[in-house]
Structures are given as structure tokens and as C-alpha cells.
Amino acid sequence: MPTLNPSAPIRVQNKSARPKKDFSPNQVAVLCQELVGRWSQCRPPQQNARRWLEQYYVGEIEPGDEQVPRTDPATSALSPGVDSIDLVDWQKPLLWQVGYLGEKYDEWVHQPVDRPIRLFHSDFFESLSKTAWYVVFLVWTPVVLYLSWVSYTSLAQGNTRLFSSFTTEYSIPVHKYYFPFIFLLGMILWSLLEYLIHRFVFHMKPPASNYYLITLHFLLHGQHHKSPFDSSRLVFPPVPASLVIGFFYGVLRLLLPAVLGLSVFVGGLCGYVIYDMMHYYLHYGSPKKGTYLYGLKAYHVKHHFEHQRSGFGISTRFWDYPFRTLIPEETFKKED
């Protein structure tokens, strides 16, 4: 089994098997950027970046050599933190295997690989767990536009009053001009919900002895951290999403007058669509250096590859400040 010499340069190939560049271990973060779509500011040197590069290892170069020994990727070491034999069978659906990893699951799931994941035996259920990024936009944008029109025209009738179920004398009328502010409130509430779900649900640490909680965690979010560049699993598929969205709409209907609840809901739904589009872009887009999205991309790559227990904001870092989960700023020096 070939292993990497820490003092030797590394020759890396992309999936088309064409040689790219030679890098020393000290340049591992720079190479990480190239391999994963110009993700920037991985702290050099760090273990997950090194592990990631080993998936592309084909041999070592001696000074003056022009030819590179080809190594079968199937026999290459995928991860120095795991035995040469992987803990799962990648030829079979993973969802029913991960629960047996027990105490090894948390370390394993945070060692990312660059390969697609299959979750289910059934082709039907597998198709429901995957979606292209543009499907989310095409499905939910018309819903946002239609419900916004319904909310505005309903408020324009002048029949909506806040606290009317408790008192008629002191109830507050809600005019149609308030709709943009209610819509914005819904977006803000979504950003908080995005943070809370990501931190307390998606990043719960399931007990090592609980097969079902480990399986649930992998289904909800663990599979994304294991294979962060599986493009078919970067956004929430519409069918399961509709169940979650319907639940939150029901909660708002119970707490607020019908039209007011709908107005908050549609703002939150818009926030969700923006979040999903941004999440995909943070993985596959190339924002211009110095822009807001560039900073978010650098922030999100740190969350995936180094700070999995912090940096839970995706569309915004705002909530990481009051909840004290902000990833610390670091200075990154790129070698020539």
C-alpha cells in the first residue's frame, strides 16, 4: 500500500486523469482550493486538507523526473486517520451501514471524501433524496410570488387586526403597507431558524450506542459533511422540504392571524430559497475576492474542513456572534 512521504512533493490528478501541478506539503491549502473549486483560505497545514489530497495521489516525484508512476486509486490510501480498509462498503447504500460505526462515526463523518453517496436501496427513495439546485428555485419561487400577492391583497381589505382574539378595543390594524416589513421579519426569523436547525439538529452528536440516531444524523446532514461536493445533495429536495415547510406554516397559523401568519411565512419561505441557492453557490461558485460571498465561502469551507463545531451561519454569520460560535479570523499566507 503506497503512503505519502511528508517531505516529498505530491503529484495530483483530477478525475480526467490529466496531471495538474506539483505541491509540497506546505502548499496543501493552496492545492485544496484548486481541487474543490477555488475554495479559499484553508488554514495550512491541516489534516482534512491533507486527507482530501490523498484521494488524488498517484505517486511521488524525484528531482528531474518527468514521468510519474501511476497508482490505482482503488488501492491508494484515502485517509491517514482510518485504516487502509474503509469502515463502510461504498458499493452498497450507506444509510443502513453508518449506525454500526458507533464511536467511530463522528470522526469518520467529518473526514470528507470526493465521491457520490448512495443512501437507499430503492431507486425511488434514492431519487427523492437528491435534486439539482435549480429545481428548488423553479418549484418555490412561484409559490413565494403567489403567496406574496395573496398576502398583500388580503391585507389591503383592511380586515386584519393584531390581538383581535384577545381584545377588540385595543387590537391593532395591520395595513397593506406593512407587508414589506412583515415579509422582512419572516426572512429574519428564517435566518435564526437556519442557524438553530444547523447547530442543534444537523450538528447534534448522536450517542455512539444509538444506531437509529446515528442513521438519522447521517440522513439529515452527516452525508453532506462526508461528501461535501456531491452536487445532487447540496439543496433540500422539494418533496421532503414540503413536509417541513408545511409544519412551520401550521405553527404560524396557530400563533398569528391567518393573513399575518401567511405574510410572515412567505418571507421565511423566500429566506429559505435564498439560503439553499447560496449554499450551493458557496460550494460551486467562484465569488470575486473581497465580496460578501467570498467571505462567506471562506467561512463555510472552514466549517467543513476544520471548525465543524462552529460557524453554523450559512447565508449570514450574524447569529454566530450572539451564540458565540463564530469561527475566529486567521491570517492565511500563500506560498509562491
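Using the three backbone atoms N, Cα and C, a Cβ is placed for every residue, glycine included.
Curation plays no part in TrEMBL annotations; they are all automatic predictions.
Note that the structure is a prediction, hence the values are computed from the model and not measured.
Taken from TrEMBL, the feature region 'Disordered' applies to 1-22. Under the heading transmembrane segment, TrEMBL lists 132-152, 177-197, 234-252, 258-275. What TrEMBL lists as domain 'Fatty acid hydroxylase' is 183-325.
Between the transmembrane segment (132-152) and the stretches 177-197, 234-252, 258-275, Cβ pairs under 8 Å are most numerous for 258-275. Helix, strand and coil counts under DSSP for the domain 'Fatty acid hydroxylase' (183-325) come to 101 helix, 0 strand, 42 coil.
Counting same-chain residues at least six beyond the ends of the transmembrane segment (177-197), those with a Cβ under 8 angstroms from any Cβ of the stretch are 148, 151-152, 155, 248, 260, 263-272, 274-275, 312-316, 318-320, 323. Within its own chain, the transmembrane segment (258-275) has Cβ neighbours under 8 Å at 136-137, 140-141, 143-144, 147-148, 150-151, 154-155, 159-160, 162, 174, 179, 182-191, 193-194, 245, 248-249, 252, 314-315, counting only residues six or more beyond its boundaries. Taken together, the residues of the domain 'Fatty acid hydroxylase' (183-325) have an average pLDDT of 94.
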